[in-house]
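Colleague: Quick one: the structure is below, and I'll ask about it shortly.
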Amino acid sequence: YKQCHKKGGHCFPKEKICIPPSSDLGKMDCRWKWKCCKKGSG
């Protein structure tokens with residue numbers, strides 16, 4: 001269990017999720033995902 005802290009409604013740490021492109025011409029689709037905190041809890 002990692003300790004998480006809130007900042008401006010977002011939670012840290014966050015991890016980068018990368019999805020391979022659907023075509024060879026595309027770039028890797030990378031986006032940040034908030035890893036720890038869940039909305040609506042506590």
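Glycine is treated like the rest: Cβ placed from N, Cα and C.
Just lifted these from Swiss-Prot, have a look:
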DISULFID  Cys4-Cys36  disulfide bond
DISULFID  Cys11-Cys30  disulfide bond
DISULFID  Cys18-Cys37  disulfide bond
Colleague: Name, in the order they occur in the sequence, the residues of the same chain whose CB lies under 8 A from the CB of Cys18 (disulfide bond) and which sit 6 or more residues away.
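Modeller: The list for Cys18 (disulfide bond) reads Met28, Asp29, Cys30, given in order along the sequence.
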Colleague: How many other Cβ atoms are found within 10 Å of the Cβ atom of Cys30 (disulfide bond), counting all protein chains shown?
Modeller: 9
